[in-house]
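Participant: TrEMBL feature annotations, pasted as is:
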{"type": "ACT_SITE", "residues": "Tyr164", "note": "active site"}
{"type": "ACT_SITE", "residues": "Asp203", "note": "active site, proton donor/acceptor"}
{"type": "ACT_SITE", "residues": "His301", "note": "active site, proton acceptor"}
{"type": "DOMAIN", "residues": "59-301", "note": "domain 'Endonuclease/exonuclease/phosphatase'"}
{"type": "SITE", "residues": "Asn205", "note": "site 'Transition state stabilizer'"}
{"type": "SITE", "residues": "Asp275", "note": "site 'Important for catalytic activity'"}
{"type": "SITE", "residues": "His301", "note": "site 'Interaction with DNA substrate'"}
Amino acid sequence: MKRGKKAEEAAADGENDTGSASAKKTKKAKEPEAPILYEDPPDKMTSKDGRAANMKITSWNVDGLRAWVKKNGLDWVREEAPDVLCLQETKCAEKSLPAAITSMPEYPHKYWAVSDEKEGYSGVAMLCKTEPLKVTYGIGKEEHDKEGRVITAEFPSFYLVTAYVPNSGRGLVRLDYRKTWDVDFRAYLSELDMQKPLVLCGDLNVAHQDIDLKNPKGNKKSAGFTPEEREGISQLLESGFTDSFRELYPEQANAYTFWTYMMNSRGKNVGWRLDYFLLSSSLLPGLCDSKIRNKALGSDHCPITLHMAV
């Protein structure tokens with residue numbers, strides 16, 4: 001997710017102190033504010049109904065695949081070793097994909113969706129250890145599908161959908177489009193869910209509740225936290241899907257997946273939770289854990305991982 005300058009400033013959460021430099025200095029010397037960091041707890045590998053996790057999915061907005069590969073993102077992936085790896089904001093035409101990822105033997109089945117009109121914009125990918133029964137691209141609506149935002153894979157007992165949801169943009173210039181997207185995407189997911197339960201993962205470009213970002217008060221009019229976008233995800237959850245992280249960690253604050261590159265936001269943990277695993281209600285008994293891997297570097301987002309018994 002990219003933010004406008006205004007949003008960056010608001011997200012800085014109290015960085016805009018007024019007063020003289022010396023007063024600032026004194027204040028700083030007196031009380032250096034220690035950032036409240038999130039510690040990813042040990043992975044839970046058993047579901048509520050006592051089954052062992054046997055499906056591991058990782059999702060990561062890489063903010064440019066080529067740069068992320070150069071920053072050793074694939075080393076982290078090999079260590080994490082998910083069954084399926086979903087990537088968003090790849091910003092890379094298929095002909096320009098780095099050999100380091102196209103030739104990965106761990107994931108023989110690789111799928112790419114890219115923007116038709118703008119090279120180096122948007123884009124998602126799905127890398128699988130075992131071949132899905134079927135893979136489709138987009139949601140069946142041309143106005144949305146030309147931007148390369150969705151891949152759906154059908155597995156024996158569920159669908160996996162990875163998405164890079166449109167950002168409402170600086171000055172909310174795409175908010176109306178985003179509202180249309182939210183309605184159409186929800187209809188697409190609901191239709192799939194009638195056939196087979198699904199897991200949705202990716203950058204949904206919204207912090208749902210106040211607890212999901214560091215500075216809710218300063219960001220009410222910022223892309224990713226407008227009432228309209230929050231209502232969009234609320235309606236999605238009400239239509240039969242569950243936010244897996246909040247299901248397991250309802251009160252956990254300071255757990256974010258995105259930090260702007262500006263103002264040492266990541267070091268200070270001034271962030272947003274924009275990346276999710278949403279599950280159909282019938283998959284909830286098999287939910288083992290929903291992880292935020294906030295130590296993994298290489299992008300302005302960190303990866304998230306889901307453990308499930310299917």
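Using the three backbone atoms N, Cα and C, a Cβ is placed for every residue, glycine included.
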Participant: Between the Cα atoms of Asp275 (site 'Important for catalytic activity') and Tyr164 (active site), what distance do you get, rounded to the nearest Å?
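Facilitator: Here the two Cα atoms lie 9 Å apart.
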Participant: What mean pLDDT score does the domain 'Endonuclease/exonuclease/phosphatase' (59-301) have in the model?
Facilitator: 97
Participant: I'd like to know which of the recorded positions Tyr164, Asp203, Asn205 sit within 10 A of His301 (active site, proton acceptor) at the Cα level.
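Facilitator: Cα filter at 10 Å returns Asp203.
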Participant: Which of Tyr164, Asp203, Asn205, Asp275, His301 (the recorded positions) has the most other Cβ atoms within 10 Å?
Facilitator: Asp203
Participant: Write down the Cα-Cα distance for Tyr164 (active site) and Asn205 (site 'Transition state stabilizer'), rounded and given in Å.
Facilitator: 8
Participant: Can you tell me how far the Cα of Asp203 (active site, proton donor/acceptor) sits from the Cα of the residue listed as 'active site', in Å?
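Facilitator: Checking the Cα atoms of Asp203 (active site, proton donor/acceptor) and the residue listed as 'active site' gives a distance of 5 Å.
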